[in-house]
Amino acid sequence: MRRKFIVGNWKMHGLREGGATLASDLAGRMLGAGPVAFDMLLCPPATLLHTVAQAVADAPVKVGGQDCHGKDSGAHTGDIGAPMLADAGCSHVIVGHSERRQGHGELSADVKAKAAAAHRAGLVAIVCVGETEAERDAGRAMDVIARMIDDSVPDGATAANTVVAYEPVWAIGTGRTPTPGDVAAMHSMIRRRLATLVDQPDAVRILYGGSVKPDNAASLLHIDDVDGALVGGASLKADEFWAIAETCR
Ligand code: PEP
């Protein structure tokens, strides 16, 4: 009942020409593949949203932002409001990525406000949570993630407007991944936690993120309660991103 969801987070990479080429390549593969068992979302930098939205306009590929402000508009230099993302052609926005939490001091309360802003704009919020290596080593990973879920998922969250991404901080961009058993235990705990916050927790998609590559995608994506992947580095190469997506076919 939950379709797999393959999300590319391009982070701060790409100029117009390369972004258009990558997006067009993936759009062509989606159109050529016929029916597939997954949904695809590309989250380019804000400067490329329009370019990418145009490149995938005729294909079953969605476009998302990498962050939004908790307010809809105002005197917030350098920030982007969720209504602006919707206006640029986005259907989704990532909120609470660890690179925002750590690099920009965002707290779960900020993430909650951003997710609520996304919902007001009609966007699906992809709410990211993840423990640090020190927290995992201290045996606190489950508690930390439970708390992040409680504090980051806003009132009014539903399976239709919210996706959760579990991304252990120590696995992002490092080539390291948790064991399938650890991922299964964490995703199952997240779903139980969501049961206290949303009406249909079984319908919420929970993605895994952190060094997903073509050679480990199948083992991660076939775990119970893993409903897709949030992919960073490997989403910048069409062949790698497509190979990851194809493990869902
Ligand atoms: C990410 O940025 O969300 C991510 C998972 O990155 P990577 O795939 O490069 O680890």
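Glycine residues also receive a Cβ, built from the backbone N, Cα and C atoms like all the rest.
Substrate binding, as stated in TrEMBL, involves Asn9, Trp10, Lys11, Ser211, Gly232, Gly233; the candidate among Gly65, Gly173, Gly181 given for that site is Gly173.
Fewest Cβ neighbours within 10 Å among the binding-site residues Asn9, Ser211: this applies to Ser211. Taking each Cβ in turn and tallying the other Cβ atoms within 10 Å, the top scorer among the binding-site residues Gly173, Gly232, Gly233 is Gly232. Ranking the recorded positions Lys11, His97 by other CB atoms within 10 A of the CB puts Lys11 at the bottom.
With a CB cut-off of under 6 A applied against ligand 1, the binding-site residues Asn9, Trp10, Ser211 are reduced to Asn9, Ser211. Long-range Cβ neighbours of Trp10 (substrate binding site) (same chain, at least 6 residues apart, Cβ-Cβ under 8 Å): Gly19, Leu42, Cys43, Pro44, Pro45, Leu48, Gln66, Ser235, Leu236.
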